[in-house]
Amino acid sequence: MYGILVLEDGTIIRGKGFGAEAEVLGELVFNTSMTGYVEILTDPSYNGQIVTMTYPLEGNYGVDKRWFESEGIKAEGFIVKDMTGIELDSFLKEYGVPGISDVDTRFITKKIRSKGVVKSLLKTSATEISEEEEKELVNKVRNYEDISDIDLVPEVSTKKVVKYPAKDEKISCVVIDCGVKQSILNCLLERGCSVVKVPYDTKEEEILSYNPDFVLVSNGPGDPEKMLETANTVKNLFGKLPVTGICLGHQIITIALGGKTYKLKFGHRGGNQPVKDSSTGKVYITSQNHGFATDMSNVPEGSILSHVNLNDDTVEGISKIMDSDNVKGVVWSVQHHPEAGPGPHDAMFLFDDMVALGMKFKQEKTSKR
């Protein structure tokens with residue numbers, strides 16, 4: 001099968017198509033992880049994006065549904081240097097997603113690093129694509145709207161409330177689902193925290209009706225400025241119970257606190273990002289997947305810059321205490337992914353911190369009855 005990648009600047013890259021015979025548009029990004037292609041493809045945060053893997057060999061250990069981060073592939077397309085085995089090909093085919101191999105992924109990555117993320121089109125076809133069609137494809141890419149203008153979260157958020165009971169329940173939390181990864185839910189459940197997953201547009205009254213011990217605002221795709229409704233809900237929750245966030249959830253909390261976000265040139269996507277904990281001085285290697293960040297010059301007043309990225313000094317975490325006398329006033333969030341999926345487990349202890357925070361709040365509630 002033939003494959004072609006078309007960029008908005010007119011660059012055309014030809015290769016071998018695999019997966020589904022299809023044509024997709026999306027923002028072109030790269031991921032530096034050496035493993036985890038199944039987790040990456042099924043991560044809802046990649047909705048609207050065509051993913052280039054910098055590691056050259058993909059597909060060489062098969063596909064297993066136990067690795068899924070959602071119910072199916074969420075990335076628009078997949079770009080690799082070498083594709084091995086039939087399982088990855090069949091996987092993409094099953095979900096109608098095209099892939100392209102036998103291309104210079106180093107060239108693509110360097111282009112993204114120098115020019116920034118770009119609009120792109122990936123097409124696979126049983127017949128060779130003519131030069132005339134190439135011109136039409138370039139026009140399609142140029143007329144495609146910017147990902148910042150697309151509201152991507154509604155496409156990946158749950159449409160109904162879903163409850164996940166922990167085997168040995170200690171506490172419970174509400175996860176505001178902006179595209180939550182299964183690994184995040186698993187990390188909570190493994191620690192005895194039952195989860196109520198709610199749609200991204202759920203109001204604070206309903207969230208509080210579940211009597212959670214804390215709220216987690218999840219990861220997800222797209223521009224956080226599109227999530228002002230969710231940010232307003234989160235703002236209304238401040239001071240009523242502990243609020244935490246991961247990735248997009250961190251950015252939403254930033255906005256809810258009165259801060260601002262901005263788009264990174266090419267984002268952080270991979271499992272090798274060093275992050276410094278400002279309070280301890282310790283450095284963790286983290287998994288990341290985001291194209292936006294908190295504006296460091298506009299960190300919300302009274303907030304603590306808790307974590308910093310050592311590669312580019314971007315904000316990796318903030319915290320704020322609304323009420324020094326009560327744990328219900330605690331707000332904290334991180335930009336990186338402590339659950340990994342894929343990546344290092346250096347920051348996994350943050351889920352222990354979440355559960356400990358929830359336990360403390362639960363004890364406070366009980367003592368006041």
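Even glycines carry a Cβ here, placed using N, Cα and C.
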Looking at L-glutamine binding as recorded in Swiss-Prot, which candidate out of S45, S70 goes with G220, G222, L248, Q251, N289, G291, F292? S45
So S45 (L-glutamine binding site), by the Cβ count within 10 Å over all chains shown, scores 29
Do you see any of the recorded positions G220, G222, N289, F292, H337 whose C-alpha is within 10 Å of C247 (active site, nucleophile), and which ones? G220, N289, F292, H337
How big is the gap, in Å, between the Cα of G291 (L-glutamine binding site) and that of E339 (active site), rounded to a whole number? 19
Across the domain 'Glutamine amidotransferase type-1' (172-364), what is the average pLDDT of the model, as a whole number? 96
Express the distance between the Cα positions of Q251 (L-glutamine binding site) and H337 (active site) as a whole number of Å. 13
